[in-house]
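Colleague: Sharing the record's features from TrEMBL:
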DOMAIN    23-157  domain 'Alanine dehydrogenase/pyridine nucleotide transhydrogenase N-terminal'
TRANSMEM  480-503  transmembrane segment
TRANSMEM  509-529  transmembrane segment
TRANSMEM  541-562  transmembrane segment
TRANSMEM  617-635  transmembrane segment
TRANSMEM  647-668  transmembrane segment
TRANSMEM  680-698  transmembrane segment
TRANSMEM  718-738  transmembrane segment
TRANSMEM  789-810  transmembrane segment
Amino acid sequence: MMHLRGRFRPRAVNTLWRNLNTGILKEGDNEKRVSMVPSVAEKLIGKGYKISVEAGAGAKSGIPDAAYEAVGCSVTSRNAVVSSSELLFAINPPPEQDLGGMAGKMLVAWVGRRLPEGEKYVKAAQDAKVTLVDTTSVPRITIAQKMDVLSSQAKCAGHRAVLEGAYSFERFYQGEITAAGKYPPCHTMVLGIGVAGLAAMGTSSALGSVVRAWDVRDVSDQVKSMGGKWITVDFKEDGAGAGGYAKESSKEFQEAQKATFHKHCKEVDIVISTAAIPGRKSPVLIEEYMVKDMKPGSVIVDLAAAGGGNCTLTKSGEKYTTENGVTIVGYTDLAGRMGEQASSMYATNMMHMVNHVTGKEGASAFLSNIEKALADEKGDIVVKSIICCKDGKPVVAPPPPDPTPVKKKEPKAAKEAVVIDPEKEAQRTSLAVAGTSALAVTASLGGDPGFINMLNTFGLAGAAGYQVVWGVSHALHTPLMAVTNAISGLTAAGGLMLMGAGGPPLAQGLAQASVAISAVNIAGGFVVTKRMLDLFRKPGEADYTTIYLMPAAGLAVVPFVLTSAAPTVGTLSGLMAISAIGGLSSQKTAQFGLALGVTGVTGAMSMTLASLPAGQLAPALGLVAAGAAGGFRLGQVVSPMALPQTVAAFHSLVGAAAVATCLGSHLIHPDASLGHKVGAMLGNAIGGITLTGSLVAFGKLNGNLSSKPFNLPNKNMLNMGMAASQVGMLGMYCASSSPGLGTALMYSTTALSSAMGVHLVGSVGGGDMPCCITVLNSYSGWALVAEGMLLNSPTLTVVGSLIGFSGAILTKIMCDAMNRDIMNVIFGGMSVAPPKKDGTVEEVKEHRETKPEQVADMLLDSKEVMIVPGYGMAVSQAQRAVADIATFLKDKGINTRFSIHPVAGRMPGQMNVLLAEAGVPYDWVFEMDEVQDEMPNVDTCLVVGANDITNEASEVDEDCSIYGMPVIKVWEAKNCVYLKRSMAGGYADIENPVFFRETTQMLLGDGKTSCEGIAAALKSKG
């Protein structure tokens, strides 16, 4: 006792609450349960209940008196408890002769006021002037579910029934293959699928039994969702009764069901019957002739024994074995045989009941709120239902409510039509055109014709590229980023233009470095793109890439043979780069699009090489070859799983090349024109941000850096300060004619932009990396645009604007899909998602777990299956096992499809690439919006490692950070199975309500192991 007291300290009581003296009575000799447990008592004491416990009350549940004292309860004699308490708790009502000592007090107990014995007890309490509360009379409505002792105790009884059956069965529950022989699994039949029946099903399945089940109501979906087989009686009748219970069946139906039960009794090993109707004799489901035909060693556990039993041979309160070896268990205290667990659940029900009565006011409001509810005709239905008598007068309970109907989701109210004033709309349009034109005219005031020409080229190319990028299929967003990465390697052309152009050795070294690292990007990007597109190619589908690449050979030669055609080659190269993006609009034209990209880059590089001084050609070709060799090797070995970080690494190379080219160009031309200076400074700044930002993104994606955002103090001010400094240095650079100052400003820009890149990307959390990668992709394009303006190259300007708009559009798509503010991502976590409002969690929600074998049965019973992959599938590398599941189901004639969320994974289209790698044909894979409306027709939805993208909170919880984010509505499927490592939330760390739906089951564990287990179970069931 001293040990317990030293470990626990009584909780202080809030002095604002009046103490309500509350007593806990010890149960009779045949009852193991107790109405209150220490953990719940501690919470009630904190709300103003002064609790005294009868000595030894919890002993039979394994709870010593010291445990109650440790949380602040007093332990005393029965007489002291009764005399000092205003509110008394018990499970079984105390003997009637004890009621005289409880006059003027409130007694809360399991009365059963509608049963004959209960009616008699209510009359005795009324005569004794005891206010009697019947815990079994809680109405079956949604708000009262957490007070429902019938359900909580029935769950314990259903679980215990399986344990009693297993003990009496004395054989393996699950199938076993041992050196001593092969043993089949136990077969269990559950009759009556209420709370107890569902608990019995769940425990039986968990132990490895093959379960079949029946109920007078059609609850086949629930049975199948738990891996059970539904028993069909060839007779139609609605079995739903009042109050949510089953009603008694007609004689015709009973005859049909008996024939069905007789057949199944011969086949199964254990029968668990739970069919009971409160206040009435239990319906007979199993008759003597059925028992005689059961196998020796079989077991019947009759949970309806108290009402006469569902089996005619049941003996209430006893267990015995028939002459033919069938054990019949008729215990009426199954819940009590789980003393500690049942007591804990009962006590929690009591806590919810008193909290419902008092609200936030605590114990001081308990008695007065009871008075108010009874005095008001429209008072609280829960209070009016549970109070049996008060002040010597009966309290008539309201009629039991009908079962709460399932609420149909009300359609969202249509947005009010916005009345547009045509005149104001015309004014806004005119102002937009005028403003854009004014910006362009202002830019021309610098007087640099070359810069203006590049600006015109940028505008036209951007408009064309903008339209083309929107047409790219979502499934090909990953190849799109890879091919734009390769094309952005045309920063090599900028380096080539500087080779042999003079300047200090550092300038030439920077130019050569730009060429080499850009060549890595070109070769690596195209090889990765080719590998990904090959994954999407169907078996036996011809690959015509070699034929598509024939024009590349021509463009590679023309600039060397016909120098006057070089500008035309440049124009063709730009057009082909745009067309390459257009080719990714579908799977059929994607290979051709890749070939166009290769051809365009080949032409641009060849045109630039042909213009080099004679002495620079050989070194340039050597640099290109060396870089391309490295990129080719890198592109060959990278795994699809590592694509996100590989793309980020390629982005860093583009940034480094842009910085090198811009610094080298300045060193060669320190006194260049205004347009040249603007291009040099902007390319340097954007390149620096892209370089370091991409390296940080690589570190986060590759696990080298923490995925948590930096969240430095005043980070927004830091970003604004660095941006303002960049603008200031640009102004000084353009206005100065001093080579020394210009060089210092360029180096300062490199340093500041590099720091800015680290901070911007470091401030973005790992969950927003998909958006961040696309932003960096866009930055690499703008760096190339700046380089094109710097070097007066229309080709670089066209290609750069194409890549810049491509990344911007992908960023917009990703941010919309994640409900993220695009400015928040671009400026490094400018704001944070709004936190969920504070609130206390009143209870631990229950979820249902399953096993691979049960999931396999569910899939085989389905006609329509939808698989939703997520980042968890990628992490566990479960894609091949998922592909095996889908292929097996397809071969069985089950329509199996994949639904892909735009942001599933860590970069756009990653799930499509992983599934293609595993051999899933692309025509099995659909975008979320293509199949969203078909989800209600899906029999089983298999969610593999996806959480936030399937979180119902995004639609129902306005306070959560992902509210409004488009998600895949997996909860609309008839059955849903989540494959997750644990019950933890996703990146957003928000609880998913779908986990706790009746139609949802959780298969917890490693994703790959779980999927392989399902695939193996499917194959074994053939």
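Cβ atoms are placed via backbone N, Cα and C, with glycine included.
Any idea what these are sitting next to in the structure?
Modeller: For the domain 'Alanine dehydrogenase/pyridine nucleotide transhydrogenase N-terminal' (23-157), DSSP puts the residue distribution at 61 helix, 22 strand, 52 coil.
Nonlocal intrachain contacts for the transmembrane segment (509-529), taken as residues 6+ away from its ends with a CB within less than 8 angstroms of a stretch CB, comprise 479, 482-492, 494-496, 498-499, 501, 594, 597-598, 601, 605, 619-620, 623-632, 634-636, 638, 643, 646, 650, 653-654, 656-658, 660-661, 663-664, 667.
Sequence-distant contacts of the transmembrane segment (617-635) (same chain, six or more residues past either end, CB-CB distance under 8 Å): 492, 496, 499, 512, 515-528, 531, 605, 609, 646.
Long-range Cβ contacts of the transmembrane segment (680-698) within its own chain (Cβ-Cβ under 8 Å, at least 6 residues beyond either end) map to 645, 648-652, 654-659, 661-663, 665-666, 672, 704-705, 726, 729-730, 733-734, 745-746, 749-758, 760-762, 769, 772-773, 776, 779-780, 782-783, 786-787, 789-790.
Long-range Cβ contacts of the transmembrane segment (718-738) within its own chain (Cβ-Cβ under 8 Å, at least 6 residues beyond either end) map to 671, 674, 677-678, 681-682, 685, 712, 745-746, 748-749, 752-753, 755-756, 759-760, 827-828, 830.
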